[in-house]
Structures are given as structure tokens and as C-alpha cells.
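According to TrEMBL, the protein carries these features:
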BINDING   53-57, 115-121, 144, 241, 296, 340, 407  (6S)-NADPHX binding site
BINDING   54, 111, 147  K(+) binding site
BINDING   377, 378, 379, 380, 381, 406  AMP binding site
DOMAIN    8-202  domain 'YjeF N-terminal'
DOMAIN    206-462  domain 'YjeF C-terminal'
Ligand SMILES: NC(=O)C1=CN([C@@H]2O[C@H](COP(=O)(O)OP(=O)(O)OC[C@H]3O[C@@H](n4cnc5c(N)ncnc54)[C@H](OP(=O)(O)O)[C@@H]3O)[C@@H](O)[C@H]2O)[C@@H](O)CC1
Ligand SMILES: [K+]
């Protein structure tokens, strides 16, 4: 689960009001973190504590490590704790550890300077403290967040934050763990359960969330059980995209596929004989289980006429690439938009920087406002439902950073949305499948060298 700072504060406050004091939550956090710390018996440890509750967590971790016999120093560069819970812990812990005035080089630095209480870019003496930590050769282990990293968005982040080796995120992840500008500071991330209830609208997708039963087939099934979709794509100069998308749809198990392509694509039809063909000028006579429109299309070239027909269908409609260029949100069935940040910038009139700096909020707001399913692509693709809730894909696959990848995702989406509503979260499963196939093929072909068609062939191998 992923939380904003305000959500964490609310959860914290509810717990406190119901008899679960912050000091106990700090105990819980520390007792869950300490066994996970990669510390050897001879390691020297410096815990850098700030004046808030993040510093309080640091104090309890320091105490526990000292009790276990480690050599622990605590540095309070910003002065004594201002929080009551942290002060209580500090009072006892300071009798067990060495409190130092000047920092010394150690093997391990535990960063408990700032957590979710940071507001805006770091000011004052803390800037020097962060720079000092970043100059050390030590393993840096951050509690909750790398200090200096904001929790929710990167819009005001000025680049000054602790570079962690590893970050232990308390209760849930923070949004900035999945933003391009801030995620590198986290190092490896690990979530720490502190026994509080989960209430977030955002979840994290990992490899284990991929539903492998997607690839199962009933021995008595028929092609119509797996859906009939149509992919409309291509333009005079972009003829490959619909074929990539169509092949991906078939490799993702679609029962029947129509490809609607421009007349100029005729020479390529023999490359995908498994599909049935239409031309863009044909009338959409049949009803389909899902429609995908856009790969390789450009505005003009009959797009408006095609859209007029498509929008009256009541099945799910996946809109990608060229078909995203104008704001078409009125459909009878579910609408699934799949923009990359540049396309999303044109849809929202916000800059790519604004989108990338605050993806979760911008994507959620847009999905709610237009009542659409949104797949905002990127290293951490967001999959958002019309209620503004969503998930972030954390299966990273650098092989997907090339032309053709989006067409493949559209094909997988078409296959999964065609399956007559039998699937839970077809968009999430499509994004995971796409990333897992790319990750899998990258084990035998270097990611720089992987072709979009290699990813398609891998879909059936994961
Ligand atoms: N439910 C949970 O998950 C639980 C979470 N817990 C922990 O509590 C942490 C949150 O603690 P928190 O709210 O006390 O804030 P925290 O991050 O320590 O920072 C506050 C300090 O930052 C300072 N400061 C602010 N902005 C600044 C700036 N721009 N530049 C410089 N300074 C700035 C501010 O200074 P002030 O404004 O007061 O002068 C204040 O001293 C959370 O991350 C987790 O570790 C657990 O303990 C319990 C359960
Ligand atoms: K921290």
C-alpha cells in the first residue's frame, strides 16, 4: 500500500486517540527494523536523529542495537527532540549509547533525521548534515524516507536528500518511492509492518500479483470463450504498429481478432494470417467484446469518422497513441486510456515535469474527472480506475523503453479486456504481463537489444 504524509498522520492520530500511543508505535517500528539491518557484529554505527518522531524511531533503533552489544553513537545535529514520545525514548536510550557532538566516520549510518514530517526543501543546518552523510563511505540505512525526500510529490524537491543504501518504509510506501526523480535516493526499499490497519487507495504490484491462471485453458473451451476483439490502427506511414499489437493480442490468448488497417497495409497482411482483416473505411458491423484504437494512427486520415462508429459500441474501448491526440471521453462502455507522459501532457494541458513530479495525484484526479480507466506509462506505470484509486507496477523492464512497446501493451489489453469481464483488473494484469515478458527476455537478450517482437514471443513463456 502507498500513503501520503497526511494519510499517515491521520492513521497515527486515530491510533493514538484509540489508546495506541506513538511511543509504542516507535517500539514496534524499531523491533521490526532492527532484525533486518545488514549489520555485522564488529560494525560501528552512527544514528543521526532529528527532532521529530523520525528521530524517535532512530533513538529506539539505537537503544536496541546497543542492547544487542553493538557499538552505537547517536548524533543530534539539530538539537534535542521536540516530540514527547521521542524525548521519552531518548531519555532512556541515552544511558545506553554514546551521544556525540561531532560526527565520526562509521561503517553504518542510520538516517533518522526527517520522515513524513518534512515540509518543503530542507533548510538550515540540516543541509550540511545531509551533505556530510552523503560524503561518507558508509552503508546508509534510512528510516521511513531518505531524509530530504518529500513524501507525496517531487514538485518542490531541490535535489538535496540523503542517498540511502536501503530504506525501511513504515506502515506503507510513500509516493516518492515510485517517482523517477526521487526513487533513486531510496536505494532498495522494504516495507515495515507496524500493525496498523491498511486504508490506502493505492497498491503496489509485484511479480507475485501476476495471475498465472490467465494462461490456463479449459479443455472444453471454444475460441469465443476467450473473446473477440478488434484492433484499429496504422496510417499511411506507420504500418507496423497494428501488426505488433495484433500479434501481442493473439499471443495473450484472444479467441478471435480483427485488425482494421489502412489500404496501404495490404502487403503486411500475410505476416499475421491468424487475424481477420478490415479496412479503416469499412463500417463496424459486428459487435465486439473489446475494441482497441490508436496504434500507428495519426490525427486526420479518417480518425473522426472511425471514432464516431467506435464510440457507440458498448464494449470496453482501449485508446492509445494517435487516437489519444484529441480528447475523446464519451463512450457507452468502459474507456481505457494508455498515455505516456507526453501524451498525457497533451490530454491535461500540464507539462511533463508537472505530471512526472506528481503522477499519483494528477492521474487520480484525471481518472475521476473523466470517469476513465487510465494507464499512465513509465518506469512505474500507474493503473488507475474511474474512482481515482489505483496501483503502481514495480516490475521494472528497461527493454520496454523503445518504439513498439506501447503497441504490445495495447494488444495485451485488448486480449484481456475481451474476456467478458471474467478477469479481475485486466489492466493491472496486462501491465504486469507486459513487464514480466520484457524482464524475462532480458535474461537472454540484452535489454538494449530486445525487439518489441521478442517481447511478444516471450508472453507465452513466463
Ligand atoms: N504511523 C506511522 O507510520 C508512524 C510513523 N512514525 C515516525 O514518525 C515520523 C514523522 O514524524 P514527525 O511528524 O514528528 O516528523 P519528522 O519526519 O520527524 O520531521 C519533523 C521535523 O522536521 C523539521 N522540518 C520540517 N520541514 C523542514 C524543512 N523543510 N527543513 C528543515 N527541517 C524541517 C521539523 O522542524 P520544525 O518545523 O518543528 O522546526 C521537525 O523537527 C515518520 O516519518 C516515522 O518515522 C512512528 O514513529 C510512529 C508511527
Ligand atoms: K529518515
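For all residues, glycine too, the Cβ spot is worked out from N, Cα and C.
In TrEMBL, annotation is done automatically, which means it is predicted and not curated.
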Consider only the binding-site residues 54, 116, 144, 380: which of them have a Cβ under 6 Å from an atom of ligand 1? Write none if no residue does.
54, 116, 144
Output field, AMP shell: CB within 8 Å of site CB centroid, site 377, 378, 379, 380, 381, 406 dropped:
340, 376, 382, 393, 400
Among the binding-site residues 111, 147, 340, 377, 379, 380, which have a Cβ atom lying under 6 Å from any atom of ligand 2?
111, 147
With every protein chain in view, how many other Cβ atoms are within 10 Å of the Cβ of residue 147 (K(+) binding site)?
27
Same chain, 6+ residues apart, C-beta under 8 Å of the C-beta of residue 56 ((6S)-NADPHX binding site), given in sequence order:
22, 23, 26, 49, 81, 83, 85, 86, 89, 90, 112
Among 378, 406, which are binding-site residues, the residue with the most C-beta atoms within 10 angstroms of its C-beta:
406
Among the binding-site residues 340, 377, which residue has its Cβ surrounded by the fewest other Cβ atoms within 10 Å?
340
Average model confidence [pLDDT] within the domain 'YjeF N-terminal' (8-202):
97
Please state whether DSSP places residue 406 (AMP binding site) in a helix, a strand or coil.
helix
Near residue 381 (AMP binding site) in space, meaning Cα within 10 angstroms, which of the binding-site residues do we find among 53, 54, 111, 119, 147, 340?
340
Ranking the binding-site residues 53, 54, 144, 379 by other Cβ atoms within 10 Å, which is at the bottom?
379
For residue 111 (K(+) binding site), which DSSP three-state class applies?
strand
For each of the binding-site residues (111, 116, 119, 380), count the other CB atoms lying within 10 A of its CB, then report the residue with the highest count.
111
Span of 377, 378, 379, 380, 381, 406 around AMP - largest C-alpha separation, Å:
14
